[in-house]
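Participant: Have a look at this one before I ask anything.
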Amino acid sequence: YAYIATFRFIYFRQVIFSVQFLIVLPTFWRIIRNKSTEEFSGVPYNMTLLNCLLSAWYGLPFVSPNNVLVSTINGVGAVIETVYVVIFLVFASNRKARLRTLGLASAVAAVFTVVALVSMLALHGPARKLLAGLAMTVFSICMYASPLSIMRMVIKTKSVEYMPFLLSLAVFLCGTSWFIYGLLGHDLFVTIPNGCGSVLGAAQLILYAIYRNNKGNAAGAGKLQGDDVEMSVDGRNSKVADGDDRGATGSTKAGKMVSQV
């Protein structure tokens with residue numbers, strides 16, 4: 001029964017992981033349709049790419065035995081996340097956003113290359129697993145923490161427009177399922193970071209529940225305030241212009257009186 005339960009959980013875990021990558025398709029369809037990343041952040045996708053690469057490396061048989069599931073699922077995830085990062089590069093809203101995304105992608109490639117080379121060439125056995133596991137743990141926590149900037153924006157603007165609900169739900173489910181998988185396999189390198197991910201995913205869902213009715217209101221309010229300011233400025237300019245006209249008319253009348261005298 002234990003083996004059957006574990007198999008069923010692994011199957012459920014694969015479904016959740018697949019859903020996590022697919023539910024962001026509407027977001028990227030919006031980016032492609034508008035040809036702009038707008039205010040969406042590319043940081044979570046770069047960090048997810050790094051996490052997938054390190055997790056796939058950690059799960060390889062010569063690094064961590066009996067973790068093929070971790071390697072295969074995260075290998076597929078790395079391919080999908082690479083596509084997402086490329087889309088962010090192509091449709092970056094401005095040059096600064098493109099350079100930031102390119103810098104993050106370069107850092108991801110550099111970190112993974114260093115970890116892979118050091119663990120492969122300089123370490124063996126338990127030491128190799130320890131390095132790969134620590135790297136995976138640290139950057140998994142970074143991945144789950146990367147939406148904190150978006151969460152701060154949600155609190156500041158009181159709008160969830162740029163924090164998709166399905167993505168937050170997937171983060172929670174993904175973190176929770178991997179956390180359970182780590183507990184079943186007695187693997188602290190899987191349990192610890194995904195436990196943190198489960199907590200942070202729950203925090204995102206709580207924020208969404210609080211501000212779910214304010215979706216898009218912040219942007220609209222900002223635009224309205226901008227329009228009001230512009231109208232106010234136009235009104236002041238009109239008054240100044242009227243005042244100038246009246247001043248000019250008065251000067252003309254005074255000139256006529258002087259000339260008549």
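Backbone N, Cα and C atoms are what each Cβ position is placed from, and that goes for glycine too.
In TrEMBL, annotation is done automatically, which means it is predicted and not curated.
According to TrEMBL, the protein carries these features:
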type: TRANSMEM; residues: 12-31; note: transmembrane segment
type: TRANSMEM; residues: 43-60; note: transmembrane segment
type: TRANSMEM; residues: 72-92; note: transmembrane segment
type: TRANSMEM; residues: 104-124; note: transmembrane segment
type: TRANSMEM; residues: 130-150; note: transmembrane segment
type: TRANSMEM; residues: 162-184; note: transmembrane segment
type: TRANSMEM; residues: 190-211; note: transmembrane segment
type: REGION; residues: 235-261; note: region 'Disordered'
type: COMPBIAS; residues: 236-247; note: compositional bias 'Basic and acidic residues'
Participant: Taking residues 6+ outside the transmembrane segment (104-124), which of them lie with a CB under 8 Å of any CB in it?
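Facilitator: Residues 42-43, 46-47, 49-50, 53-54, 57, 63, 85, 89, 131-132, 135, 139.
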Participant: Below 8 Å between Cβ atoms, which of the listed ranges 43-60, 72-92, 162-184, 190-211 makes the most pairs with the transmembrane segment (130-150)?
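Facilitator: It is 43-60, which has the most Cβ pairs under 8 Å.
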Participant: Restricting to the same chain and to residues at least six past its boundaries, which positions have a Cβ under 8 Å from a Cβ of the transmembrane segment (43-60)?
Facilitator: 67-72, 74-75, 77-78, 81-82, 84-85, 88, 101, 104-105, 107-108, 111-112, 115-116, 119, 129, 132-133, 135-136, 139-140, 142-143, 146-147, 149-150, 189
Participant: Other than its close neighbours in sequence, what residues sit by the transmembrane segment (190-211), given a CB gap under 8 Å and a spacing of at least six beyond its ends?
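Facilitator: Contacts of the transmembrane segment (190-211) (Cβ under 8 Å, skipping residues fewer than 6 from its ends): 70, 136-138, 140-141, 143-145, 147-148, 151, 154-155, 158-160, 163, 165, 168-169, 171-176, 178-179, 181-183.
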